[in-house]
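Notes follow once the structure below has been shown.
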Protein chains: 2
Amino acid sequence: MMQLVRKIDEIKAAARGAAREGKSVGLVPTMGYLHEGHISLMKKARAENDFLAVSIFVNPTQFGPSEDLDSYPRDLERDLRLCEEAGVNIVFAPESSEMYPEGYSTYVTVEGGVTAGLCGKSRPIHFRGVATVVTKLFNIVRPERAYFGQKDAQQVAVIKKMVRDTNQDVQVIACPIVREADGLALSSRNTYLSPSERQDALTLSSSLFGAVGLISSGEKSAAAVRGYIESRFAGIESASIDYIEIVDPDTMEPLSLISNRALIAIAVKIGKTRLIDNIVAEV
Amino acid sequence: MMQLVRKIDEIKAAARGAAREGKSVGLVPTMGYLHEGHISLMKKARAENDFLAVSIFVNPTQFGPSEDLDSYPRDLERDLRLCEEAGVNIVFAPESSEMYPEGYSTYVTVEGGVTAGLCGKSRPIHFRGVATVVTKLFNIVRPERAYFGQKDAQQVAVIKKMVRDTNQDVQVIACPIVREADGLALSSRNTYLSPSERQDALTLSSSLFGAVGLISSGEKSAAAVRGYIESRFAGIESASIDYIEIVDPDTMEPLSLISNRALIAIAVKIGKTRLIDNIVAEV
């Protein structure tokens, strides 16, 4: 029987109880409105852990003032059904005031290259919010393993760096991007898209696939690959590019020459909806 | 037999091993050059925990560029003897490069009133360094209880706030200031003082005792108490006052009227040596 709890003390007690019984604890942190990407995380976590916790929390500290915190889609009832089907043991769905009570003032910041570019540039406080809430969730649940989607590639790199830097005892596991049949990367924000915008959004994934093709046919220049992706968006009126970056997958440092492994990461606004996607090219 | 370890993995293994055996783990974080103040922390920690870890680490991230990181006194051999006598189970004395390897970039910041005044004003990055290293030590040792000296009253308030905000599972215990027979608060930095400076330094404690006397005889005005302390330093040429503050002991917010409990905290340079002291006045 899956449990739903709202309070930090409740999830702490449940997770500590499981650990005391010798169970391994897994955590899948989410902002809810679950899709197949989340389900894939839960399935892997279910297989690898005795006790599986999922958090559902639209974390206000990772949204900028002009971003979509208020309109971010929510459907707890459906989320709980999906969690139950995935064999989750406990769902932690706190109120904002439970996570950030009045007077809250402690933040975890990962400085340097890993947060400087990509989403860190256009969303300056985003990763501070991510690092802070993930630190809190790790302290609350004390998982042995935590699962994140590779779609947020920079987030994965930031969290891995934070865990290493602060000596947290948790294994951070990144799971592959889950895509629709036509290539669109799953995202809770896809729900914002009109039918024609959804069509336009396909250029994110298809330009990334094209870029990988270009690289495997011998292109080594990051500028050329960027130019190719840019050109793919040239005719799409709804699209405005936030960034197209080719970086080291671990450090997020920009590459000018593509060798070994390169992460191609893009953020594009389609209408009012900011979408991200990425792919790793191996040379 | 007391163990001395230098590596994070070693202290982690020892502390996790103790916890798995059902032992309670206590931690006394220090910068070494131990004095009776530290010993009092270790004695209390020894009595309250099954497994006692002491860290000895002069933490570079809490020193400003013009501060005394390089000259901070060190005597590991003597420290180890004192730890052994106090019944410590394990001493963790890492190199800087073990705690902050190349590329280290994650910091914990406690914002707001608790770090804004007092030492936070003249030492802007100090509490970021403290919060960061204490977070790391807590993640490494996972103590049930951690012990700090009330002499660093603001540090205690900052760490308590950080632990509460980030949901760390540790009880932060503050222990009373230990003083020499003549009133001087024990500090590793007292070793910097010349004999005449040491004499001048007595005005820190004696002015605080005087201030408490003033308050218990009816004085309620923080400004008047500050004025009294200031006047006590007027004739002392070696002294230059950094701050004299009267604040709420938990939030460190300045009080103008003294009621209930008030922390009187001062920082004074005697020659080149910056000393702090404090006392709580209860009305």
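From the backbone N, Cα and C atoms, a Cβ is placed for every residue, glycine too.
A:H38 (active site, proton donor) falls within a helical segment according to DSSP. TrEMBL lists A:H38 with the feature active site, proton donor.
The annotation ATP binding site is assigned in TrEMBL to A:31-38, A:149-152, A:V178, A:186-189. The Cβ of A:V178 (ATP binding site) lies under 8 Å from the Cβ of A:H35, A:E36, A:G37, A:S40, A:G149, A:A185, A:L186, each of which sits 6+ residues away along the same chain.
Taken from TrEMBL, the feature (R)-pantoate binding site covers A:Q62, A:Q155. The Cβ of A:Q62 ((R)-pantoate binding site) has 21 other Cβ atoms within 10 Å, all protein chains considered.
As annotated by TrEMBL, beta-alanine binding site applies to A:Q62.
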> If you draw a 10 Å sphere around the Cβ of A:Q155 ((R)-pantoate binding site), how many other Cβ atoms fall inside it, taking every protein chain shown into account?
Replying inline: 22
>> I need the most crowded of these binding-site residues: A:M31, A:L34. Count other C-beta atoms within 10 angstroms of each C-beta and give me the top one.
In response: A:L34
